[in-house]
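Per TrEMBL, the features are:
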- 20-38: transmembrane segment (TRANSMEM)
- 25-471: domain 'Major facilitator superfamily (MFS) profile' (DOMAIN)
- 84-103: transmembrane segment (TRANSMEM)
- 115-137: transmembrane segment (TRANSMEM)
- 143-171: transmembrane segment (TRANSMEM)
- 183-202: transmembrane segment (TRANSMEM)
- 208-229: transmembrane segment (TRANSMEM)
- 291-312: transmembrane segment (TRANSMEM)
- 332-349: transmembrane segment (TRANSMEM)
- 356-372: transmembrane segment (TRANSMEM)
- 447-467: transmembrane segment (TRANSMEM)
Amino acid sequence: MRSGLAPGIKLITSFSRDSWYRGFTLFLTFIFYTTYHLSRKPISIVKSELHRNCSIVIQPPDLNTTNNETWCDWAPFDQNNYQTLFGVLDNSFLVAYAIGMFFSGIFGERLPLRYYLSTGMLLSGFFTALFGLGFYWNIHSIWYYAFVQAMNGLVQTTGWPAVVACVGNWFGKGKRGFIMGIWNSHTSVGNILGSLIAGVYVSSAWGLSFIVPGIIIAATGVVCFFFLVERPEDVNCSPPNHHETSEQEPLLHNASSTEEIFSSPETTVRELPRDNEKAISFLGALQIPGVVEFSLCLLFAKLVSYTFLYWLPLYIANVAHFDSKGAGDMSTLFDVGGIVGGILAGLVSDYTDGRATTCWVMLIVAAPMVSASSGHCMLLLCGALVNGPYALITTAVSADLGTHKSLRGNSRALSTVTAIIDGTGSIGAALGPLLAGLISPTGWNNVFYMLIIADICACLLLSRLVYKEVRSWCGYTTRQRGFKEI
C-alpha cells in the first residue's frame, strides 16, 4: 500500500516554475534593500553617543580634564552647535541622495540591473565602513564625515530604482498593492536591524556600529551578482500582465490562492521586444498622468518619515532620558508600526482601487498623531500612519505609473519613473532632518508642528486624484485603477 506524496512535497510541486522564480526574486530584492536601510540607520543611533551629558557619566580616574560637560563627547560634536553639525551629516547624505536619484533611474534603464545593483551595494558597504573607521583613526574633522556621508548617499541611489524595476518586471499590476506592501517592509526591517546592530556597539566602540553594517551590505552585493534574475524572459518564464482589462477584478476578488499571487495570468498584454524598446526621457516620464502629483506628495510624506528616522532616537534620549542603546531600541517601535502600515495600505488600495485615497486618509489621520508619538502604542500607530503612504507611493504606485497604459507596453520606463518619484521625495527627506536640526533648539513641539504642516500639504497635493477616484466609485466614470482616469 502506497502512502502517496508527502505533504511537504505536495506543497512544493503545487507551485509552478514561474512561481518559484517570482518568489525567489521577491525574497532576494527584499534582502537587498533591507541591507540598504540597515546601513543608513547607525548614524541616528550614534548621535546620542557623539554628544552626551558627560556630567552624569563616570569619569575615568586617569583622565585629567576640567571640562565636566564635554569630556566624554567626540570632537567636533562636543560644542554647543552639535545639533547643527548633526544636520550637516544628515544633509550631506540626503542632498547627495536626492540629486543622485534623478540620474540613477536614467542609468538604471540603460545598464544591466544586476551589475548596477551589485556595484552600488559594494560601494555603499565601503563608505559606510569608512565612516566607522574614523573612530579607530581618531579623526575629528567634520569635513571627513560629511564627505563620506555625501559619497554614501550618492552610491545608495543605485538601490531603489533597481529593486523596484526588478520586482515590477516580475509581478503584474493587479497584485502589486498587496505584494509590494509586504515586500516594502524591508525598509522597516532594515531600520530595526540597523538600530539593533548599532546599539550593540554604540556604547563601547561606535565605529563598529558602521563597520558591521558595511560588511553586511557589501557581502549581500556579492550575492546579488551571482543570483539576481532581472526579467522573466531571461530564464524562459512568462512575463506578467502589466495592464488589466475592464473585465478583470481586483486582487482580492480573483486571487484565490498563494499560487495565483505568484503566477502570471494567462491573458497578457503583448509587450514590445526588449531590443526594440527605447528608454523613456526624463520629460517623457513627467508627462505620465499622476507622476507629478505623487512625486510632490512623497516629498512631504518622506520629510515626515525621515525626520523620525534621523531624529527620533535623539528625541527619546533627550525627553525620556534613555541611554543611547535604550533610545535606539525604543525607536524601533516606529518601524514595527511601519511594517503594518505598509501592508495595510497595499491591501486597502488593492481592494478599493484607490491608491490616492488610501494615502490621503492615512496622511490626514497621521497629522495630529505625530505630536503624540512618545508612548509605546503611539509610536506603533504613528509609524503605521506615516510609513503606510510612503511605502505605497514608492512601491505599488511607482510600479503602476512605470508601466502605465500610455507607454504602450514599453517596460523600460519603470526605473526612470521610480527614480523621479523617489528623487523628489528625497528632497523632502533632506529638508526634514535639516529643519529639525534648526528648529529643535527652540523646542521639540515646534518640530512636531512642522511635521503636521507637511502632512497637510501632502494631503492637499493628492486632492485632485482623490476627487477622481471618489467620482469613479460613485459611477460618474468607468471604474479603473486609481489614477488612470486623469
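Placed from the backbone N, Cα and C atoms, the Cβ positions cover glycine too.
Just so you know, TrEMBL annotations never went through curation; they're auto-generated.
Panel annotation: around the transmembrane segment (208-229), residues 21, 24-25, 28-29, 31-32, 35-36, 38-39, 41-43, 45-46, 113-115, 117-122, 124-133, 166, 194, 197-202, 235 of the same chain, lying at least six beyond its termini, place a Cβ under 8 Å from a Cβ of the stretch.
Residues belonging to the domain 'Major facilitator superfamily (MFS) profile' (25-471) score a mean pLDDT of 81 in the model. Note on the transmembrane segment (115-137): residues 32, 35-36, 39, 42-43, 74, 107-108, 144-145, 148-149, 151-152, 155-159, 162-163, 166, 205-211, 213-222, 224-225, 228 of its chain, located 6 or more positions outside it, place their CB under 8 angstroms from a CB of the stretch.
Here the transmembrane segment (143-171) does not lie next to the transmembrane segment (332-349) in space: the count of CB pairs under 8 Å, restricted to residues six or more apart, is fewer than 3.
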